[in-house]
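**Q** According to TrEMBL, the protein has these features:
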| type | residues | note |
| --- | --- | --- |
| COMPBIAS | 258-269 | compositional bias 'Acidic residues' |
| COMPBIAS | 273-287 | compositional bias 'Basic and acidic residues' |
| DOMAIN | 32-513 | domain 'Major facilitator superfamily (MFS) profile' |
| REGION | 251-287 | region 'Disordered' |
| TRANSMEM | 25-45 | transmembrane segment |
| TRANSMEM | 82-103 | transmembrane segment |
| TRANSMEM | 115-137 | transmembrane segment |
| TRANSMEM | 143-160 | transmembrane segment |
| TRANSMEM | 172-191 | transmembrane segment |
| TRANSMEM | 211-231 | transmembrane segment |
| TRANSMEM | 361-379 | transmembrane segment |
| TRANSMEM | 391-410 | transmembrane segment |
| TRANSMEM | 416-441 | transmembrane segment |
| TRANSMEM | 453-473 | transmembrane segment |
| TRANSMEM | 485-505 | transmembrane segment |
Amino acid sequence: MSTRAIQNLDVDRGTAGRRGSSDKLSWLFLFMIIWVVASTFNYGFGISELNALASALTCPSRGAVSASFKLPVCFEISSSSFGIVTALFTFGGLLASLLLSPISARLRWTRRQTLGVAATINCLGTASQAFAPASWLLGLGRGLMGMSAGIAIAVVPAYLNDLAPPHLQGSIGVLNQLSIVIGILIAQALGVSPLGAPASSKHITFAGWRWVPIVSFAISLLQLLCFRLSIDSPREAGPLREKTLRARLAGRNAGSGLDEESEEQEGLLDSEVPSRSDTESARAEKPMELKELIQTVTSRDGAAGAKSLRKGVALIVLTQLSQQLSGVNAVLYYSSSILSDALGAGSDGHGSSDSEATAKLIALGITIINALMTFPPLYLVSESRLGRKSLLLLSAGVMCASNAVLAVGIVNNISILSALSIVTVVAGFSLGLGPVPFLILPELVEPRAVTSASALGVSLNWTANLLIASFFLPLRNLLASVDGGSGGSVFAIFAVINAASVLGIQRWYAYEWIDQHD
């Protein structure tokens with residue numbers, strides 16, 4: 001029997017089995033989903049980790065030293081230096097997304113191994129932050145945490161897509177974004193808690209803010225401890241082992257010692273005596289490096305495979321940029337100051353501790369809305385319901401209107417309109433532009449190009465993220481000179497970008513593979 005026939009037979013049997021057991025999920029499957037999305041939880045946690053800790057972590061003069069660990073209670077750094085420390089997370093993520101494809105291709109890391117590396121890096125980064133004796137080590141820890149996040153966000157969508165049976169791939173894929181949002185929520189909640197408050201005494205054992213990165217450290221440590229219990233992505237296991245892994249995920253051979261023994265023997269035979277068909281299959285499925293992907297996409301090759309890849313990569317670029325340039329990060333990064341202005345807090349130019357606490361609580365409330373609005377796509381993302389494209393169009397449309405109204409509300413000092421617009425911006429983002437761009441990453445290109453295409457898309461995502469973080473405030477201040485000093489007209493730019501996203505998605509987003517699977 002040919003390699004192609006074996007693969008088709010395995011896939012057909014696996015698909016039939018998974019459809020037949022659509023109402024049953026094995027404990028291994030549930031464990032693997034939790035184990036995988038723990039990486040993107042840490043990504044979300046890192047995004048928001050320091051946002052609510054600024055007042056506890058920084059001090060105008062040299063901070064006291066804790067009694068037991070001889071670590072400073074806070075660091076004497078300016079707001080601009082604190083901003084650099086925070087931004088190192090984004091730099092780390094961008095660097096990791098650029099390096100992931102060539103390194104993983106050369107070392108032949110599986111997705112499981114790659115997430116193990118990400119967890120190790122995150123342990124190093126969070127430990128560096130928790131026990132940092134100086135601000136430079138805090139910054140290094142942020143950079144390492146960002147590198148872990150950059151790896152996770154490029155790997156997790158494809159891993160989830162491969163673990164899930166076809167009829168659940170859409171809903172399981174949304175869990176990627178849900179885990180990110182929950183990570184953001186937990187980090188903000190810890191910042192609002194007493195852990196995020198400035199030290200009330202110089203004679204303390206361990207500054208409260210240092211416990212916050214330890215939470216992320218514990219999650220990654222648990223991942224590493226459970227590493228041996230996890231399994232490889234079935235698609236990466238080879239045609240003979242793929243059938244076995246998919247059966248285990250579906251729970252069809254769970255608890256059978258004979259089956260497990262035969263699986264081990266089969267695995268030993270596969271590894272010790274590789275057949276000609278296995279060798280050919282491995283060669284055919286050799287991961288495409290980022291350089292090769294870019295060369296193929298930018299070439300004038302008219303072959304069907306090149307055209308399909310070119311179209312898939314173009315859609316990845318469109319949706320990833322649409323996500324980051326939608327304006328949601330401007331709202332999330334600066335929601336406290338925007339809401340303080342909208343509510344009249346800190347109008348004296350200094351701001352009180354009460355107004356700061358209020359702004360933190362409102363920002364936490366916005367994150368809760370973000371998390372809650374991520375649940376509807378779990379049901380609606382299936383093509384038999386609303387589908388990917390419709391969710392993207394609805395999301396971009398809502399954000400276009402919300403950003404326009406937000407601009408009007410801030411420019412005209414209509415506080416309630418500004419506050420409501422911020423809520424609808426976040427809700428609109430959570431409906432589609434939040435979860436769908438990552439969900440479709442592994443769906444738009446052939447399997448061997450998934451890692452490199454994901455790395456390209458995520459690199460652009462990080463770059464756009466960095467641009468928004470760097471230029472939003474300067475652009476807002478520049479436009480303040482023409483809109484009466486409010487700077488609210490900056491959100492009109494995001495409205496235009498979202499309108500362009502609607503037009504682009506409507507015109508170019510079409511992919512038949514999705515319709516065939518859910």
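Yeah, the Cβs are placed from backbone N, Cα and C, and that goes for glycine too.
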**Q** Which bits of the chain, at least 6 residues beyond where the transmembrane segment (416-441) starts or stops, bring a Cβ under 8 A of a Cβ in it?
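**A** Hits for the transmembrane segment (416-441): 153, 156-158, 161, 170, 173-174, 176-178, 181, 315-316, 319-320, 322-323, 326-328, 331-332, 335, 338-339, 341-343, 366, 369-374, 376-377, 381, 388, 391-399, 401-403, 405-406, 408-410, 450, 453-454, 457, 461, 488, 501, 511, 514.
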**Q** For the transmembrane segment (25-45), could you work out the same-chain residues 6 or more beyond its ends whose Cβ comes under 8 Å from its Cβ atoms?
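**A** That would be 115, 118-119, 122, 145, 148-149, 151-153, 155-156, 159-160, 163, 172, 175-176, 178-187, 215-216, 219-220, 222-223, 226, 229-231, 248-251, 254.
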**Q** Hey, would you say the transmembrane segment (453-473) packs against the transmembrane segment (361-379), going by three or more CB pairs under 8 A that are 6+ residues apart?
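**A** These two segments do not touch.
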**Q** Counting only pairs at least 6 apart in sequence, do the transmembrane segment (211-231) and the transmembrane segment (361-379) share 3+ Cβ pairs under 8 Å?
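**A** They are not in contact.
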**Q** Quickly jot the same-chain residues contacting the transmembrane segment (143-160) by Cβ under 8 Å, restricted to those at least six beyond its ends, or write none.
**A** 33, 36-37, 39-40, 42-43, 46-47, 49, 88-97, 100, 111-112, 114-115, 117-119, 121-122, 124-126, 128-129, 169, 172-173, 175-176, 213, 216, 220, 233, 438-439, 441-442, 450-451, 454-455, 458, 461-462
**Q** Between the stretches 82-103, 361-379, 485-505, which one has more Cβ pairs under 8 Å with the transmembrane segment (172-191) than any other?
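**A** It is 361-379, which has the most Cβ pairs under 8 Å.
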**Q** Report, as numbers and ranges, every residue of the chain located at least six residues beyond the transmembrane segment (391-410) whose Cβ falls under 8 Å of a Cβ in that stretch; write 'none' if there are none.
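**A** Same-chain contacts beyond the flanks: 319, 322, 326-328, 338, 341-342, 377, 380-381, 416-418, 420-422, 424-425, 427-434, 436-437, 486-492, 494-495, 498-499, 501-502, 505-506, 509.
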**Q** Please average pLDDT over the domain 'Major facilitator superfamily (MFS) profile' (32-513) for the predicted structure.
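**A** The answer is 83, the mean pLDDT of the model over that range.
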